[in-house]
Amino acid sequence: ALSMLGTTAGLYAIPWCKESLLLTILMSVIGGSMGILDTGGNVLALNTWGSEAGPHLQALHFSFAAGAFLAPILAKIALGGSDSQELAGAEKTNQSVLMAVPTASATSTTPAQKDHQDGDFLWSYIIIGTYILFISIIFFVLYSKSSSAGDKSKASVQKDRRAKYHWPLVGLLFVFFLFYVGTEVTYGSYIFTYAVEFAKMTESEAAALNSVFWGTFAVCRGAAIFGAVLLSPATMIIISLLSSAASSLALAFFAHYRASLWVGTAVYGASMATIFPSGIAWIEQYTVIEGKSASLFVVGAALGEMCIPAVVGYLQGRFSHIPVVMYTAFAASVVTILLFPVMYKLANAPQENDLKEESDSETQKALLSNSRLTEDEEDEEDVREWNNADFEVIEMNNKLKNSGMDTSCRIPGDSPVEASLQPHLVNVSGNPPVVAGDSPGRQNGNVDWEKSE
């Protein structure tokens with residue numbers, strides 16, 4: 001909300017500015033506000049939807065691509081009377097209409113046309129500034145209704161999800177976005193010049209080629225909103241990197257063919273569309289992305305957008321016979337392809353907590369297996385003891401049976417053998433022995449007869 005409010009103030013003041021120093025300050029305010037908006041928008045999407053922010057990030061960056069594609073067209077309609085060269089110059093900027101309108105200003109030949117053009121400039125800034133002010137007010141309202149306590153509790157919960165190599169991962173993604181965004185802006189800025197100087201196209205054909213690049217870029221970002229629901233961010237990044245490498249290879253070595261130039265430009269624009277939002281959604285799955293981390297991503301993208309086009313422009317001026325822009329696109333594709341596996345390896349590195357949990361689980365498994373072995377051994381020992389006891393009982397029963405048969409054949413009375421067996425039998429079973437084949441009644445009768453005797 002604050003960033004868009006600063007943008008609104010700059011837009012309202014620029015049309016009335018007559019000093020170059022003041023104009024530079026106001027444009028710097030707008031540039032800083034846009035940088036804050038870029039950072040805050042990505043972080044806000046991640047805080048709102050978390051790991052499911054993929055489609056929403058694609059939609060957010062689709063609005064950037066749509067603005068880059070539509071801004072030159074709207075600027076031409078607002079200004080009117082511009083020739084194809086001015087339109088091409090406006091289309092070469094990967095900026096919003098805020099940047100495209102000043103670069104598309106044309107010198108007028110009559111005072112009436114000058115007054116008309118000044119009025120168009122004035123109303124363009126006022127209309128766009130009012131629109132941004134309206135959106136800023138909506139964000140202030142949403143902020144007043146939001147719960148900061150809930151955000152703090154959510155952030156405290158997310159701290160446990162911090163990757164082991166968080167800052168090396170952020171640093172590599174910083175370099176990754178530097179090359180990606182820098183190459184994207186470089187190609188979009190110099191493809192018009194390349195088409196005219198190397199491919200010998202007319203200015204209208206070169207402008208159409210530039211429109212093909214940004215058009216496929218915007219369309220693919222729009223399609224990525226639905227693709228992010230079906231595909232994971234890592235899958236989308238791999239597909240985009242392979243497509244950009246193949247198309248940049250064709251552009252670097254086969255761009256002298258018209259068909260290769262047109263198809264390669266379209267595929268290259270489509271393949272570059274989803275990398276930035278997919279990269280942010282991908283790293284959110286492995287670590288916590290807060291304001292500092294997201295600002296580094298945006299700073300890396302801004303440095304690439306500022307430095308790589310300047311270096312390519314300088315080299316292209318020194319070596320006019322070499323297609324530096326195409327070689328730069330191919331080299332950047334190779335660098336990003338090499339960086340992503342390294343980032344993927346760092347992101348999937350196990351944390352200390354995971355290693356501790358894994359060792360604890362292994363220890364628990366070992367203890368459980370030992371306890372099972374101990375229980376099995378105890379069960380086997382119990383079985384052995386019961387078997388030995390059964391054998392002893394069987395042997396004793398056999399002895400009792402034999403002794404009972406001997407005493408039944410003798411005259412009833414006390415004998416040494418009976419006297420010696422009687423205490424033993426009472427101690428073992430607690431009851432008089434029952435001789436096989438005798439009934440309980442007969443046994444009781446013998447006892448009564450002995451007592452009467």
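Any Cβ shown, glycine's included, is placed from N, Cα and C.
For 352-383 (among others), the entry in TrEMBL reads region 'Disordered'.
If you look up TrEMBL, you'll see 424-453 (among others) marked as region 'Disordered'.
Sequence-distant neighbours of the transmembrane segment (20-47) (same chain, 6+ residues past either end, Cβ-Cβ under 8 Å): 2-4, 6-7, 9-11, 13-14, 53, 56-57, 60, 98, 151, 154, 280, 284, 289-291, 294-295, 297-298, 301-302. Residues annotated as transmembrane segment in TrEMBL: 20-47 (among others).
Feature annotation from TrEMBL assigns transmembrane segment to 59-79 (among others).
Sequence annotations record features per position, and here TrEMBL assigns transmembrane segment to 122-144 (among others).
The transmembrane segment annotation in TrEMBL covers 165-192 (among others). Beyond its flanks by at least six residues, the transmembrane segment (165-192) meets 68, 88-89, 91-94, 206-207, 209-210, 213-214, 217, 265, 268, 272, 275-276, 279, 283, 286-288, 293, 296-297, 299-305, 307-309, 312-313, 316, 325, 328-329, 332-333, 335-336, 339-340, 342-343, 346-347, 349 of its own chain at Cβ-Cβ distances under 8 Å.
The transmembrane segment annotation in TrEMBL covers 212-231 (among others).
Away from its own ends, the transmembrane segment (238-255) comes close to residues 194, 198-199, 231, 261, 263-265, 267-268, 270-275, 278, 323, 326-327, 329-330, 332-334, 336-337, 340 of its chain (Cβ-Cβ under 8 Å, at least six residues beyond either end). The feature transmembrane segment is assigned by TrEMBL to 238-255 (among others).
Per TrEMBL, the feature transmembrane segment maps to 261-283 (among others).
The transmembrane segment annotation in TrEMBL covers 295-315 (among others).
Residues of the same chain lying 6 or more positions beyond the ends of the transmembrane segment (321-344) and with a Cβ under 8 Å from any Cβ of it are 169, 172-173, 175-176, 179-180, 182-183, 186-187, 190-191, 194, 198, 234, 237-238, 241-242, 244-245, 248-249, 251-252, 255, 268, 275, 283, 308, 312, 315. Positions annotated as transmembrane segment by TrEMBL: 321-344 (among others).
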Beyond the flanks of the transmembrane segment (261-283) by at least 6 residues, Cβ under 8 Å: 42, 46, 53-54, 57-58, 60-61, 65, 169-170, 173, 176-177, 180-181, 183-184, 187, 191, 195, 199, 209, 212-221, 224, 227-228, 232-234, 236-237, 239-241, 243-244, 246-248, 250-251, 254-255, 289, 294, 297, 301, 329, 336, 343, 347
